[in-house]
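Notes follow the structure.
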Amino acid sequence: MDHFIYQDQNLFAESCSVAEIAQQHGTPVYIYSRATLERHWRAFDDAVGTHPHLICYAVKANSNLAVLNVLARLGSGFDIVSGGELARVIEAGGDPKKVVFSGVGKTVEEMQQALELGIYCFNVESSAELEQLNLVAQSLNTKAPVSLRINPDVDAGTHPYISTGLKENKFGIAMEEAEQVFVRAAALSHIDVKGVDCHIGSQLTELKPFLDAMDRLLGLVDRLTALGIELSHLDVGGGLGVPYDNETPPAPQVYAAALVERLGERKLTLIFEPGRAIAANAGIFVTQVLYLKENSNKRFAIVDGAMNDLLRPALYSAWQKIIPVQQSDAATQAFDIVGPVCETGDFLGKDRQLAVVAGDLLAIRSCGAYGFAMSSNYNSRPRVAEIMVDGSQAFVVREREKRQQLWQGEQLLP
Ligand code: LLP
């Protein structure tokens with residue numbers, strides 16, 4: 001459920017008219033709904049019930065300060081993958097003690113920053129990283145709280161680019177080496193072994209891969225207990241899918257209940273790192289039709305939004321629903337929705353049945369996650385504005401970039 005609905009054939013974001021926002025703030029533009037973000041976060045939090053847990057929103061999905069702040073106010077933790085994301089969390093009022101730090105390539109400087117801020121846990125992805133972190137913690141005369149990310153070798157059944165839990169992926173420590181690395185971690189003077197984590201992929205629409213991964217991790221937890229290594233948390237990563245079209249991913253309640261049940265008597269705090277499940281359907285991307293164009297076998301709607309603004313269709317052939325901001329009763333025709341960027345891959349949708357004329361506004365659904373966060377200035381296109389609606393009010397939460405910002409920091413030769 002989200003808060004983007006038609007009223008009298010006009011699309012609304014909560015109680016705000018999308019057409020009015022577009023008129024006032026221009027296009028292309030991202031529009032987020034605070035109520036939807038909150039609803040999705042609470043669905044996760046409520047789903048785990050009374051079992052000790054922490055919801056660490058995956059900042060990479062949408063790192064706008066207002067988004068982070070709305071979630072921080074609910075008590076959210078954060079899953080970060082860079083010093084930049086950590087700085088954003090702090091700037092947005094997030095609690096560093098609820099931050100888990102993922103990623104295969106943490107730098108010494110990022111380790112120092114996170115240790116100084118006192119984060120909850122480092123999700124360590126290799127032996128080499130573990131040794132480095134021990135040295136950094138030693139130099140700061142502290143202990144680094146650590147979870148080891150284990151690659152459970154399960155097929156998430158999702159797009160290969162966003163599948164991370166297979167042996168051939170770069171992520172995590174192989175299950176065969178896990179015990180050995182845990183034993184080493186426990187022996188290191190400046191490492192505090194706290195937990196185990198995994199993340200098998202994104203946009204999963206079935207429960208089974210999650211449960212397979214959980215079973216493998218719990219087997220490891222039990223073997224570690226036998227070795228005298230007691231963990232206090234288990235972090236299951238993110239990855240729960242969302243309906244872009246007719247997918248029916250498990251509801252957070254079903255997913256969380258299944259995981260809690262599998263934990264049995266084990267006293268492990270459960271950590272979740274959802275990104276897409278919280279943010280995707282809390283945002284739309286609104287673009288205006290510039291021209292219609294037809295050749296012998298195709299009809300194109302050329303819009304002002306492009307792959308630099310919304311990369312998912314071009315990068316993953318992702319399908320995202322495209323709907324008119326103002327519904328019409330005119331007959332629909334098949335259109336490819338394409339942007340102004342000089343690449344054949346610059347499309348937002350193909351073969352969509354729409355009734356559009358130049359000047360119409362289109363909304364691409366499910367753009368709250370991995371939308372703006374993956375945007376770029378390719379073709380020297382200023383990044384677009386981001387708006388967050390809260391009931392009947394619409395707030396600019398990121399201004400549209402100005403042209404001069406495009407070359408900020410660039411220098412001519414003397
Ligand atoms: N935790 C870790 C360690 C991750 O690598 C990710 C996502 C998440 C949590 C959050 O996953 P989510 O709940 O959002 O599925 N750009 C791609 C998605 C890349 C996901 C990368 N890792 C897309 O647009 O589909």
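Including glycine, each Cβ sits where the backbone N, Cα and C put it.
All TrEMBL annotations are machine predictions without curation.
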### Co-listed substrate-binding residue [TrEMBL; alongside Arg312, Tyr316, Glu343, Tyr370] among Arg262, Arg266, Arg276
Arg276
### Message
Please identify which of Gly228, Gly239, Gly409 is recorded by TrEMBL as part of the pyridoxal 5'-phosphate site containing Glu273, Pro274, Gly275, Arg276, Tyr370.
### Response
Gly239
### Task
Taking the Cβ of Tyr316 (substrate binding site) as the centre, count every other Cβ atom within 10 Å, in any protein chain shown.
15
### Summary
CB < 6 Å to ligand 1, subset of recorded positions Arg276, Arg312, Cys342, Glu343, Tyr370, seq order -> Arg276, Arg312, Tyr370
### Message
Give the mean pLDDT for the domain 'Orn/DAP/Arg decarboxylase 2 N-terminal' (35-280) on the 0 to 100 scale.
### Response
95
### Length of the line joining the Cα atoms of Glu343 (substrate binding site) and Lys60 (N6-(pyridoxal phosphate)lysine), in Å
26
### Inter-residue C-alpha distance, Cys342 (active site, proton donor) and Arg312 (substrate binding site) (nearest angstrom)
17
### Message
Neighbour count, 10 Å Cβ-Cβ cut-off, for Glu343 (substrate binding site): what number do you get?
### Response
14
